[in-house]
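Report on the following structure.
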Amino acid sequence: MKFIIKLFPEITIKSQSVRLRFIKILTGNIRNVLKHYDETLAVVRHWDNIEVRAKDENQRLAIRDALTRIPGIHHILEVEDVPFTDMHDIFEKALVQYRDQLEGKTFCVRVKRRGKHDFSSIDVERYVGGGLNQHIESARVKLTNPEVTVHLEVEDDRLLLIKGRYEGIGGFPIGTQEDVLSLISGGFDSGVSSYMLMRRGCRVHYCFFNLGGAAHEIGVRQVAHYLWNRFGSSHRVRFVAINFEPVVGEILEKIDDGQMGVILKRMMVRAASKVAERYGVQALVTGEALGQVSSQTLTNLRLIDNVSDTLILRPLISYDKEHIINLARQIGTEDFARTMPEYCGVISKSPTVKAVKSKIEAEEEKFDFSILDKVVEEANNVDIREIAQQTEQEVVEVETVNGFGPNDVILDIRSVDEQEDKPLKVEGIDVVSLPFYKLSTKFGDLDQNRTWLLWCERGVMSRLQALYLREQGFNNVKVYRP
């Protein structure tokens, strides 16, 4: 079997040296991806296309599908490559190939020709089109908007009978641009923005700020691995996980409510910039869209950018949520994003939309930056190829209950402000307050002879924190969902 890879048009308008470099990189990327399907296949580059020849017919569909997801490819032609002698021979071969497709349909013939011949492309179109029209009684020629277009390519003494055309994702080959670090949360925005930078030729590494224990990290790892495996597996990339719970705890305890959102983002950018510098990455990528939430106004984005010299790319800055969700659906991350948890109490109740630099800096003076340095130093860096095996590890399930026994205590893990606004009172059982960001250090001080029923309003944080505690060896925890 043979595939002809057509280049993304922006590649073809580059200078000769740049075009050759892009084609060489794309050829290598194709080899890296397809070697998993057929180690004997051949990838041959030409000035205006790349040929892929494979012997294992059983892998035809898998190879074709993989090619449609490699950045830099405009479209793929699945072809049958045969010799020919003259125009009548071309017609006879086209009749055998296309007869069934043309029964009862309107059609036209389009020919591309390279080499020296005693006929032109139009001559072939007329001869083959007329012959097909005569020999297939139910078919009818229609030059504009036909139901079927018969594509033929003539190159020297070879005829390419095009059996199918399949659209690629376009863009530039990965590796033609420099590396970037995507701040990935597993939601709609960060997944789409990561894809857009891969499509533009960047090798995308991932940085995840963990606010909810191992279960949340596993979910985000799965999203990152999916994106890499589907669109970027030609290159090795890093997945860096930073435990940001201590940072969030410090913010919630010391920072004024209205400034929390902007300061949290500034801390994330500081941390990600340190990671980027460590690994020689040139830019950060975020999924922020202008005005989508309070921290994404122009004033706040400028203040967030000011904490680092590292370039921050925001490919979704002018996109609305509906457009982003549609893109997530197209690339296959929608289902991941819909089930990814959102945390209760992490963001302030009345965030500022126009933060003042002096106020932000004054609030940050209360922050212990050694905490930020420590979590960055302890960041977990893994090769994304290892994630598939790691995420198959068993995640201990935590029992969810809607009632309680005599030895049970409800543990309200909401933030202090939420607890003050809506105190939890349940008749017949004790309620103890311990904000989620203190669980990792304070839960061990509680009476371990009691069973603790973790509770928050949405039930997401309570489940993830219960999973985290189970992983730490505490088996006396359940999730309370009345």
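Keep in mind that glycine also has a Cβ here, set from the backbone N, Cα and C atoms.
For 61-165, the entry in Swiss-Prot reads domain 'THUMP', with the evidence type sequence analysis. Mean pLDDT, taken over the domain 'THUMP' (61-165), works out to 94 on the 0 to 100 scale.
The ATP binding site feature in Swiss-Prot is assigned to Leu183, Ile184, Lys265, Gly287, Gln296. Sequence-distant neighbours of Gln296 (ATP binding site) (same chain, six or more apart, CB under 8 Å from its CB) are Glu288, Ala289, Leu290, listed in sequence order. Under the DSSP three-state reduction, Gln296 (ATP binding site) is assigned to helix.
Residues or ranges marked as disulfide bond in Swiss-Prot: Cys344-Cys456.
Swiss-Prot lists 404-482 with the feature domain 'Rhodanese'.
Classification of Cys456 (disulfide bond) by DSSP places it in coil, neither helical nor stranded. According to Swiss-Prot, the feature active site, cysteine persulfide intermediate maps to Cys456.
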Sequence-distant neighbours of Ile184 (ATP binding site) in its chain (C-beta under 8 A, six or more apart):
Ser190, Gly191, Ser194, Tyr206, Cys207, Phe208, Val220, Val223, Ala224
Summary of DSSP states over the domain 'THUMP' (61-165), given as helix, strand and coil counts:
38 helix, 38 strand, 29 coil
Who sits close to Gly287 (ATP binding site): which same-chain residues at least 6 apart have their Cβ under 8 Å from its Cβ?
Leu183, Ser185, Gly187, Phe188, Asp189, Ser190, Gly191, Val192, Ser193, Arg314, Leu316, Ile324
According to DSSP, which of helix, strand or coil covers Gly287 (ATP binding site)?
coil
Rounded Cα-Cα span from Lys265 (ATP binding site) to Cys456 (disulfide bond), Å:
24
Please spell out the DSSP helix, strand and coil residue counts for the domain 'Rhodanese' (404-482).
28 helix, 17 strand, 34 coil
